[in-house]
Amino acid sequence: MTDGPRSDVGRWGGNPWQPSATPSPEPEPGPEPDRRSRRRGRSFWARCCGCCTCRNGADDDWGSGPRGGSSAGRRPDSRGSRGGTVNAAGDGTIREGMLVVTGVDLLSSRSDQNRREHHTDEFEYDELILRRGQPFHMVLFLSRPYESSDRVILELVIGSPDQLITAFPIPGNNPEVGKGTHIIIPVGKGGSGGWKATVTKSSGQNLNIRVHTSPNAIIGKFQFTVRTHSEAGEFQLPFEPHNEIYILFNPWCPEDIVYVDHEDWRQEYVLNESGRIYYGTEAQIGERTWNYGQVRLLRSSPVHTQRWADRAGQGSKGWPGVRAQPQVGTGHLCLPFYQFDHGVLDACLYILDRRGMPYGGRGDPVSVSRVISAMVNSLDDNGVLIGNWSGDYSRGTNPSAWVGSVEILLSYLRTGSSVPYGQCWVFAGVTTTVLRCLGLATRTVTNFNSAHDTDTSLTMDIYFDENMKPLEHLNHDSVWNFHVWNDCWMKRPDLPSGFDGWQVVDATPQETSSGIFCCGPCSVQSIKNGLVYMKYDTPFIFAEVNSDKVYWQRQDDGSFKIVYVEEKAIGSLIITKAVGSNMQEEITHLYKHPEGSDAERKAVETAAAHGSKPNVYATRDSAEDVAMQVEAQDAVMGQDLTVSVVLTNRGSSRRTVKLHLYLSVTFYTGVTGPVFKENKKEVTLAPGASDRVSMPVAYREYQPHLVDQGAMLLNVSGHVKESGQVLAKQHTFRLRTPDLSLTLLGAAVVGQECEVQIVFKNPLPVTLTNVVFRLEGSGLQRPKILNVGDIGGNETVTLRQTFVPVRPGPRQLIASLDSPQLSQVHGVIQVDVAPASGGRGFSSAGGDDSGETIPMASRGGA
């Protein structure tokens with residue numbers, strides 16, 4: 001037997017089988033029909049309706065139906081993982097003694113061994129989902145018992161022309177063994193790229209095989225097929241859509257560079273479907289629950305192909321066609337398929353396709369995470385989310401209204417259009433979902449008082465006039481009240497030793513990196529030590545967490561002089577959700593040495609030396625004996641409040657301080673509105689004495705100026721007459737918003753309807769208009785939008801909603817409220833779901849995700 005297009009090397013078997021041995025002694029008369037022009041069409045329709053493809057010797061473009069005799073034409077269940085289609089020789093015959101694969105069982109159901117051992121049993125998919133570097137099992141069903149002289153070859157391909165072609169070009173997408181996109185695994189021998197397969201059991205016509213995957217394998221969705229060689233000839237099992245195999249990164253595999261050596265970390269940072277995201281200010285931290293939902297799969301109503309619509313006499317109804325009931329036409333049974341049978345995993349892989357990322361680079365977590373940081377925002381490449389910090393969200397969804405990633409990702413997958421709108425915590429929440437789904441240990445991190453350095457000086461420069469009033473036209477740097485990004489865990493073989501572990505990835509589009517709005521991955525160790533020359537984007541991230549705030553005052557000649565350096569203002573607190581609980585975990589020490597320590601100062605000065613103002617620390621000011629502390633009352637939206645400044649004279653002489661307070665609203669990004677209230681006062685302090693300067697602020701004064709997050713900025717500047725000391729301080733604070741109160745009404749059981757009650761009281765004396773609730777919970781409720789209309793001033797409302805749990809165990813149901821007058825309102829409840837009677841662990845039920853108008857269960861006054 002000679003090597004040819006069907007030899008072991010460089011061949012893909014998605015096409016009908018043709019014999020490589022001697023031709024049949026009784027060939028059918030007439031020329032062999034040329035089916036090549038229809039192969040791609042059949043491959044496409046195999047993904048749509050299994051009964052419409054793989055018919056042998058048919059004049060009809062969909063085939064004439066199963067042939068009688070032998071095992072040819074055996075059909076699997078419409079979506080089952082067992083069984084398969086036998087494709088006979090090109091002349092329609094199978095020779096006696098040929099080893100024919102009549103079916104494949106990939107053990108892909110969620111309760112099977114493979115899915116459990118690979119920690120993918122929570123994925124709501126029927127296909128096999130594996131983690132690389134770990135073995136899996138399969139069973140081949142044969143036409144006769146397996147013999148030692150038989151050869152069985154397994155093949156996996158990604159990027160095959162026979163696959164459904166994406167509308168977005170992917171460079172080098174032709175499968176090649178050398179690129180790891182065409183994997184050939186002879187059973188009993190070593191395969192390509194570290195793959196191998198061995199027979200574990202041969203019993204009758206069943207062949208059990210154990211396959212060892214490579215820890216460096218490309219991640220993605222592979223086509224799988226089998227071919228055999230025997231003395232009677234070669235057989236090729238055609239590709240079946242339900243035999244697709246997903247391969248992910250593997251934090252459980254020590255040979256994978258994403259390996260995590262802590263099981264509790266893997267449970268939290270890879271498998272946990274919900275988490276906490278923190279926001280607000282350092283003194284007034286808010287938290288919200290986020291549904292990552294990385295294992296979700298949603299199905300719309302099953303439908304039939306247009307072909308079957310025609311056959312059933314239904315006429316043209318467009319893509320949906322006939323509602324899904326099994327139909328018989330021209331002797332064939334047509335089973336329904338799902339028009340939208342994709343989930344979050346498909347959306348994550350679609351993101352890589354949409355970016356045009358070459359398949360050969362998808363085994364590298366550094367490259368994958370960098371692409372994700374670029375694609376989660378819509379700039380440059382029409383990625384997932386459109387950023388919007390304007391305050392006008394009328395053409396989309398207020399970023400504060402989202403409660404999870406599922407609705408966003410599936411909308412992007414379904415429409416191919418960027419989803420409006422996102423801000424930093426939404427970008428970070430979606431990034432966590434995508435990276436966890438692909439197998440990277442990832443967490444969502446919040447940095448309070450996060451600097452945005454626009455001129456690579458690695459300092460936050462604030463300019464004042466001669467009277468210490470801010471010069472807004474010069475103040476391009478900003479300090480965000482908080483900023484949210486991601487840490488993901490991996491080794492960095494592209495860097496010197498010592499930079500493995502947590503890597504920062506930030507999808508919020510702030511500044512470009514190599515001409516693209518992306519950021520990271522950046523080693524946290526390089527940030528901590530000020531090594532800003534390490535890739536990627538270390539200078540920008542270092543400035544976010546450990547730059548100094550430098551105050552410049554304009555002099556009489558127009559030049560600027562440093563009058564004050566605030567060393568502890570930036571990156572004052574960095575937190576994430578703790579492992580195994582809903583508590584906060586402070587991780588500031590991972591990003592920076594203790595504030596004021598020699599190591600911390602060395603890191604700052606090392607970083608600044610590589611910035612655009614390397615001599616900024618060459619001169620420092622003289623002693624300061626008047627200390628200033630700024631305080632803001634912890635107030636709820638709608639209430640009056642008070643801000644205060646406490647001055648203390650730590651010297652031995654009397655001091656006279658001229659103080660100026662400016663109050664304005666601010667977006668959390670540091671962009672401020674006009675000053676709406678100010679106060680000037682002169683204070684005399686005896687040695688060792690303190691005094692407080694307070695400024696009351698009424699609701700009616702700040703209400704007309706409020707912007708997102710309800711945040712305000714107090715600028716305080718002062719001057720000590722006797723010593724010339726300059727005082728300067730910026731203090732941000734926020735007004736708290738109320739929570740939604742969720743109460744479960746009855747027990748939660750898989751497959752059974754359950755009811756939840758949501759109670760909300762409007763804290764404002766004004767009517768909330770166009771109020772929208774969102775409800776979502778992984779394993780509980782698809783993303784659901786509830787339009788409830790208006791809620792009067794100080795009014796209390798109650799509404800009830802039902803849902804059907806689909807998975808047992810502890811789950812979280814998350815709700816949010818949004819209106820033009822009030823946002824950032826949310827609530828969560830823990831739901832412990834019991835298995836269904838009879839031990840059924842999963843249900844295909846799911847709540848409706850359509851928007852609807854909901855009447856209130858009750859309304860009440862204040």
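Cβ atoms here come from the backbone N, Cα and C positions, even for glycine.
TrEMBL annotations: computationally assigned, not manually curated.
Sequence annotations record features per position, and here TrEMBL assigns active site to CYS424 (among others). The Cβ of CYS424 (active site) has 27 other Cβ atoms within 10 Å, all protein chains considered.
Look at TrEMBL and you will find HIS483 (among others) tagged as active site. DSSP assigns HIS483 (active site) to a strand in the three-state reduction.
Positions annotated as active site by TrEMBL: ASP506 (among others). In the three-state DSSP assignment, the secondary structure recorded for ASP506 (active site) is coil.
Annotated Ca(2+) binding site per TrEMBL: ASN546, ASP548, GLU595, GLU600, in sequence order. According to its DSSP assignment, ASP548 (Ca(2+) binding site) is coil. Cβ neighbours of ASP548 (Ca(2+) binding site) (same chain, under 8 Å, six or more residues apart in sequence): THR459, MET460, VAL565, GLU566, GLU567, ALA569, ILE570, VAL604.
TrEMBL lists 416-509 with the feature domain 'Transglutaminase-like'.
Sequence annotations record features per position, and here TrEMBL assigns region 'Disordered' to 1-39 (among others).
Positions annotated as region 'Disordered' by TrEMBL: 60-91 (among others).
Taken from TrEMBL, the feature region 'Disordered' covers 839-862 (among others).
Confidence over the domain 'Transglutaminase-like' (416-509), given as mean pLDDT on the 0 to 100 scale, stands at 92.
Within the set of recorded positions CYS424, ASP506, ASN546, GLU595, GLU600, the entry lying nearest in space to HIS483 (active site) is CYS424 (CA atoms). In the shown protein chains, 16 other C-beta atoms lie within 10 A of the C-beta of GLU595 (Ca(2+) binding site).
Compared over the recorded positions ASP506, GLU600, the count of CB atoms lying within 10 A of a residue's CB peaks at ASP506. Note on proximity: among CYS424, ASN546, GLU595, GLU600, the recorded positions of the record, the Cα nearest ASP506 (active site) is that of CYS424.
If you measure from the Cα atom of ASN546 (Ca(2+) binding site) to that of CYS424 (active site), you get 19 Å.
Those same-chain residues not listed among ASN546, ASP548, GLU595, GLU600 yet with C-beta within 8 angstroms of the centroid of the Ca(2+) site C-beta atoms are SER547, GLU567, LYS568, ILE570, GLY571, LYS592, HIS593, GLY596, ARG601, ALA603, VAL604.
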